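Participant: Copying in the features that Swiss-Prot gives for the protein in this structure:
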{"type": "TOPO_DOM", "residues": "1-63", "note": "topological domain 'Extracellular'"}
{"type": "CARBOHYD", "residues": "16", "note": "N-linked glycosylation site"}
{"type": "CARBOHYD", "residues": "33", "note": "N-linked glycosylation site"}
{"type": "DISULFID", "residues": "51-276", "note": "disulfide bond"}
{"type": "TRANSMEM", "residues": "64-84", "note": "transmembrane segment"}
{"type": "TOPO_DOM", "residues": "85-95", "note": "topological domain 'Cytoplasmic'"}
{"type": "TRANSMEM", "residues": "96-116", "note": "transmembrane segment"}
{"type": "TOPO_DOM", "residues": "117-129", "note": "topological domain 'Extracellular'"}
{"type": "DISULFID", "residues": "129-195", "note": "disulfide bond"}
{"type": "TRANSMEM", "residues": "130-153", "note": "transmembrane segment"}
{"type": "TOPO_DOM", "residues": "154-166", "note": "topological domain 'Cytoplasmic'"}
{"type": "TRANSMEM", "residues": "167-187", "note": "transmembrane segment"}
{"type": "TOPO_DOM", "residues": "188-207", "note": "topological domain 'Extracellular'"}
{"type": "TRANSMEM", "residues": "208-228", "note": "transmembrane segment"}
{"type": "TOPO_DOM", "residues": "229-244", "note": "topological domain 'Cytoplasmic'"}
{"type": "TRANSMEM", "residues": "245-265", "note": "transmembrane segment"}
{"type": "TOPO_DOM", "residues": "266-287", "note": "topological domain 'Extracellular'"}
{"type": "TRANSMEM", "residues": "288-308", "note": "transmembrane segment"}
{"type": "TOPO_DOM", "residues": "309-336", "note": "topological domain 'Cytoplasmic'"}
């Protein structure tokens, strides 16, 4: 953020020096052998100096952005190929159309990572940056909502128990994700060649809406799933949300939602940081949380592959041999 949002306070030595200037020195007799009291100017300058934070994701981090983007695109493309490959066992995964959409969301995120990366010169326009943030957060919101539905509905997604559910989920969840990206799309642009959110009084409402959306989707949603799982298990009301390895996805976005909320409170002066060090720690956490979100585009396809491998390894031995090969085709027909 650049500067600490607290007022600089003078040290006791500085306050004493000011009193000497105003009171004692007025009537202080001067002769050639006497000297004026020493004033600690260094303490005053240090207290009034602005607080600067070093950006962890500066121009030197461009290779990290590019590497994550390339690996994410390759991994997501591989998972999509396996999911749509005819007569392949991954099509037996419960809710594989939802899993395919997760891979699509990860691929979209990977594609826009270089657009928002620093160190690519000053050629990016505000429109391109706004589009980049729209896809960046839109794909993340869609993945989080898809994971929530996959956990809530569980095997129903793959058993054909709810006709037309896949199409309804696709339209509804991606539409909701697109609406949630409107605030950050309008409150972002290019500054000195870098894509960045725009913080101003006029756009404060948009930034607040975006912060609330991130906190609700990335923080409250996984906490709600865990809470529902625990409550239902404790009360004996059923298994609750379907807990799988895919829930690890939220680890990559949960810190971002928390730190983004803290940063907004500080910018709005609803939360005052006592020291410059606290401000620098918050800025560092913002950069680390952003780096963790970038890593998710590589981790998500790996989680999908591991989930499909575990699901098919458990499911295939329980199916008769002819049904093992007919099930993917039947699944495709029932979902179309």
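Note: Cβ is positioned from N, Cα and C throughout, glycine not excepted.
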Participant: Can we call the transmembrane segment (208-228) and the transmembrane segment (130-153) in contact, meaning three or more C-beta pairs below 8 angstroms at a sequence separation of 6+?
Facilitator: yes
Participant: Counting only residues 6 or more past its boundaries, what in the same chain has a CB within less than 8 Å of a CB in the transmembrane segment (245-265)?
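Facilitator: Apart from its flanks, the transmembrane segment (245-265) reaches 1, 102, 140, 143-144, 147, 150-151, 207-208, 211, 214-215, 217-219, 221-222, 225, 271, 282, 285-286, 288-290, 292-293, 295-296, 299-300, 303-304, 306-307, 310.
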Participant: Measure from the CA atom of residue 51 (disulfide bond) to the CA atom of residue 195 (disulfide bond) and give the result in Å, rounded to a whole number.
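Facilitator: Per the Cα atoms, residue 195 (disulfide bond) and residue 51 (disulfide bond) stand 23 Å apart.
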Participant: Rank the disulfide-bonded residues 51, 129, 195 by the number of other Cβ atoms within 10 Å of each Cβ, and give the residue at the low end.
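Facilitator: Counting other Cβ atoms within 10 Å of each of the disulfide-bonded residues 51, 129, 195, the minimum falls on 51.
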Participant: Would you mind giving the whole-number mean pLDDT across the topological domain 'Extracellular' (188-207)?
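Facilitator: Per the prediction, mean pLDDT sits at 89 for the topological domain 'Extracellular' (188-207).
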Participant: Measuring Cα to Cα, how many Å separate residue 276 (disulfide bond) from residue 129 (disulfide bond)?
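Facilitator: Distance (Cα to Cα, whole Å): 30 Å.
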Participant: Can you work out which residues elsewhere in the same chain, 6+ from the ends of the topological domain 'Extracellular' (117-129), have a Cβ less than 8 Å from its Cβ atoms?
Facilitator: 57-62, 65-66, 69, 188-190, 192-196
Participant: Cβ under 8 Å, sequence separation of at least 6 from the ends of the topological domain 'Cytoplasmic' (229-244): give me the contacting residues as numbers and ranges.
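Facilitator: Result: 150-155, 307.
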Participant: Can you name the far-off residues of the same chain, 6+ from the ends of the topological domain 'Extracellular' (188-207), with a Cβ under 8 Å from a Cβ of it?
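Facilitator: Distal contacts: 115-116, 118, 120-126, 128-130, 132-133, 264, 267-268.
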Participant: If you draw a 10 Å sphere on the Cβ of residue 276 (disulfide bond), how many other Cβ atoms land inside?
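Facilitator: A count of 17.
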Participant: In terms of DSSP three-state secondary structure, what is the assignment for residue 276 (disulfide bond)?
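Facilitator: SS state of residue 276 (disulfide bond) = helix.
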Participant: How big is the Cα-to-Cα gap, in Å, between residue 129 (disulfide bond) and residue 51 (disulfide bond)?
Facilitator: 28
Participant: Could you check what DSSP calls residue 51 (disulfide bond) once collapsed to helix, strand or coil?
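Facilitator: Where residue 51 (disulfide bond) sits, the three-state DSSP reduction gives coil.
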Participant: Would you identify the secondary structure of residue 195 (disulfide bond) according to DSSP, in three states?
Facilitator: strand
Participant: Helix, strand, coil: count each for the residues of the topological domain 'Extracellular' (117-129), based on DSSP.
Facilitator: 4 helix, 0 strand, 9 coil
